[in-house]
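Asker: Quick paste of what Swiss-Prot says about this protein:
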BINDING   Leu121, Gly125, His126, Leu127  (6S)-5,6,7,8-tetrahydrofolate binding site
SITE      His229  site 'Plays an important role in substrate specificity'
MOD_RES   Lys230  N6-(pyridoxal phosphate)lysine
Amino acid sequence: MLNRLSHNTVSDTVIADAIAEELDRQKTQIELIASENIVSADVLAAQGSVLTNKYAEGYPGKRYYGGCEFVDKVEQVAIDRLKQLFGAEFANVQPHSGAQANQAVFLALLQPGDRIMGLSLAHGGHLTHGSPVTMSGKWFDVVSYEVDPETHLIDMEKVREKALETKPKLIVAGASAYPRQIDFAGFREIADEVGAYLMVDMAHYAGLIAGGHYPNAVPHAHVTTSTTHKTLRGPRGGVILTNDADLAKKLNSAVFPGNQGGPLMHVIAAKAVAFGEALRPEFSDYAGQVIANAQALAKVLIQGGLGIVSGGTDSHMVLVDLRPKGVTGKIAEIALERAGLTCNKNSIPNDPEKPFVTSGIRLGSSAGTTRGFGVLEFEKIGALILRVIDALATNAEGDSAVEAEVREEVAALCEAFPIYVS
């Protein structure tokens with residue numbers, strides 16, 4: 001998948017140089033950001049195609065522009081493949097992002113001032129699930145549920161109590177920093193009990209669901225949204241799925257003309273390619289390996305004295321509590337990047353530090369698994385992370401010698417598992 005990459009010459013030297021530098025960074029660093037992945041050369045080629053020239057407001061067979069015969073074909077393929085992947089009756093592939101997909105759902109189902117309930121951002125939720133700095137937090141009356149302070153798991157009985165008490169019109173299930181399985185069936189039972197819509201944002205888990213290694217949200221949710229990158233290994237974009245024909249009409253109208261104008265046909269083509277890749281039998285093997293690798297990484301970090309939120313992972317994601325080492329997420333992120341390991345600082349439940357400092361880091365196994373890393377490589381990555389963190393525990397500025405040694409070992413791993421070979 002990653003063994004061929006055709007270089008289209010960019011004559012703008014400033015941009016060409018930046019692209020070349022970014023390509024080198026991706027080749028020589030180990031990507032551990034849980035929301036990132038490495039797409040195939042085919043996905044890149046589709047996204048860089050002449051489809052970027054075409055305006056196509058509307059939907060296949062019902063456009064506001066002429067000349068849409070071939071982009072209709074592309075979008076319909078994307079829709080059909082997406083429905084097949086998740087067992088959905090209806091799908092919209094036009095949202096430009098996961099945030100746009102969520103916003104379209106709110107536009108379709110809610111009125112300003114309606115009450116929504118989602119996982120608190122401080123406990124692993126996402127900005128678009130009701131954070132006060134976002135449209136969802138400004139336009140709607142938001143109540144939040146949290147994870148258990150001891151287990152760091154979603155307590156479904158507490159969610160039920162909160163829903164019965166507050167009677168939201170829409171409940172959001174999904175997260176940006178929750179490594180465990182989510183009880184989508186349980187959420188639907190609660191939504192039905194209080195007369196609410198259930199929207200599942202499966203952005204982080206979509207590829208694992210497509211591969212059959214994480215519970216499928218689509219049979220339980222009124223509406224399911226997702227990004228198409230992350231574990232699904234497609235271009236950056238969003239999608240919406242439902243099994244309800246009446247909701248599908250409202251959702252389509254909310255995407256266009258309600259929330260967006262012309263669709264990005266080159267991105268939709270890349271989505272179609274990625275969905276086709278995810279339908280292949282080997283993608284299930286990939287998804288299973290992603291989880292096995294994340295679990296191996298978590299085990300090594302626990303053995304090395306770090307805390308792991310919820311004690312482990314059922315997904316691609318490992319949320320690390322750095323407090324046992326007396327290190328903040330901010331300095332850990334910087335030091336690990338110096339050593340060739342890219343991750344992000346991340347708040348942990350009930351984090352005493354500010355969001356720009358944090359007590360944790362979030363790690364992901366998706367991109368490394370795409371490179372070809374297995375359990376042994378992720379165990380080694382865990383040991384490398386510990387060396388950098390232990391050096392920070394001794395000296396907050398880090399140990400340049402340790403970081404240089406780790407950087408050499410990272411380079412060797414990357415060389416053994418190359419990406420985008422010309």
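Just so it is clear, glycine is given a Cβ too, placed from its N, Cα and C backbone atoms.
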Asker: Need the DSSP three-state call for Gly125 ((6S)-5,6,7,8-tetrahydrofolate binding site) to compare against my parser.
Answerer: coil
Asker: Among all the protein chains here, how many other CB atoms are within 10 A of the CB of Leu121 ((6S)-5,6,7,8-tetrahydrofolate binding site)?
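Answerer: Leu121 ((6S)-5,6,7,8-tetrahydrofolate binding site): 23 neighbouring Cβ atoms within 10 Å.
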Asker: Around the (6S)-5,6,7,8-tetrahydrofolate site formed by Leu121, Gly125, His126, Leu127, which additional residues qualify by having Cβ within 8 Å of the site's Cβ center?
Answerer: Gly118, Leu119, Ser120, Gly124, Thr128, His129, Gly130, Ser131, Ala175, Ser176
Asker: Determine the most Cβ-crowded residue among the recorded positions His126, His229, Lys230, using a 10 Å radius around each Cβ and all protein chains in the structure.
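Answerer: Answer by Cβ density within 10 Å: Lys230.
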Asker: Tell me whether the residue listed as 'N6-(pyridoxal phosphate)lysine' sits in a helix, a strand or coil according to DSSP.
Answerer: helix
Asker: When you measure from the Cβ of Gly125 ((6S)-5,6,7,8-tetrahydrofolate binding site), which residues in the chain that are at least 6 apart have a Cβ under 8 Å away?
Answerer: Gly118, Leu119, Ser131, Ser144, Val172, Gly174, Ala175, Ser176, Ala177, Tyr178
Asker: For a quick check of packing: other C-beta atoms within 10 Å of the C-beta of Leu127 ((6S)-5,6,7,8-tetrahydrofolate binding site), how many?
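Answerer: There are 16 such Cβ atoms around Leu127 ((6S)-5,6,7,8-tetrahydrofolate binding site).
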